[in-house]
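Contents: one structure, followed by commentary.
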Amino acid sequence: MPVNLEYLGFKLPGNVDEKYVQFKLKYRKQYHETEDEIRFNIFKSNILKAQLYQVFVRGSAIYGVTPYSDLTTDEFARTHLTASWVVPSSRSNTPTSLGKEVNNIPKNFDWREKGAVTEVKNQGMCGSCWAFSTTGNVESQWFRKTGKLLSLSEQQLVDCDGLDDGCNGGLPSNAYESIIKMGGLMLEDNYPYDAKNEKCHLKTDGVAVYINSSVNLTQDETELAAWLYHNSTISVGMNALLLQFYQHGISHPWWIFCSKYLLDHAVLLVGYGVSEKNEPFWIVKNSWGVEWGENGYFRMYRGDGSCGINTVATSAMIY
């Protein structure tokens, strides 16, 4: 039975009606009268839920109204997350030690500043985060090899990756294997995103990039940061429960709010840093558009496996 948060002392703001109107205008939401009443009730419930997160989480993150404040937890999970991930049983190709390289990295680093990261994209109402995390990684790896930043097709993976399930979820580790079998990825412009499962329209003569293999990376976040610095961006899985209401700051939830064993979202590590308050963090690219979070990005505490962000880290390899 859901907990009534108002009984716990959380209160709706007096201008909640006005906030709802502003929310609909800002995010261009339109509902019929009956649907509007349902969404307003969900909106109010989510405001209280965001207050709960704000009080009982660590870190400097601010939680509140976002583009997804009109969705229930189940609706949000079904349309923006993916099925629960299974941690790979074999990590035989995991680099166990980077030696001196671990201590030879800067305090702050961001692949965006190197021109290695494409613009933030939007998966829409489709559980294809795994495809965006994968293409983001391949885009950066291709840039590192050739110096060319190309925007690659997520829709190709949604439609043609036989190891995954399109808008119903998937895994970057499977996607890498499928990319190799398909011979590579087409450009976004030549196979544009449509946010739904469709028939495969892959044209092998239209493939723009290739990969040779993939690698499962260490769960040690110090070594992950070193790998990112010396190599490229990293595809990771995480528990994204709190991200529904994330606005900005460094997210650092207690494990009870964000179990590392319940991974349901794929994102892309593009950098790392340390805040003025000495909080180590990851810079993470999401696939929910630029109106969410910090212009489509968020920062997650680095060092204690918050939300399982270090649990399943992978990358394509291009020789």
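Yeah, the Cβs are placed from backbone N, Cα and C, and that goes for glycine too.
Model, not experiment: these values are computed from the prediction.
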Point to revise | Partner cysteine of CYS126 (disulphide bond, per Swiss-Prot) from CYS160, CYS167, CYS200 | key: CYS167
Practice item. Quick one: which of CYS200, CYS307 does Swiss-Prot link to CYS258 by a disulfide? Key: CYS307
Check your understanding: Can you tell which of CYS129, CYS200 is bonded to CYS160 by a disulfide, based on Swiss-Prot?
Key -> CYS200
Review point. Which site among CYS126, CYS167, CYS258, CYS307 has the most other CB atoms no more than 10 Å from its CB, taking these as disulfide-bonded residues?
Key: CYS307
Point to revise | The one of ASN212, ASN216, ASN231, ASN286 whose CB sees the fewest other CB atoms within 10 Å, among these recorded positions | key: ASN212
Exercise for review: Could you work out which of the recorded positions (CYS129, CYS160, CYS200) has its C-beta surrounded by the smallest number of other C-beta atoms within 10 A?
Suggested key: CYS200
Exercise for review: Compute the C-alpha separation of CYS307 (disulfide bond) from CYS129 (active site), stating it in Å without decimals.
Suggested key: 16
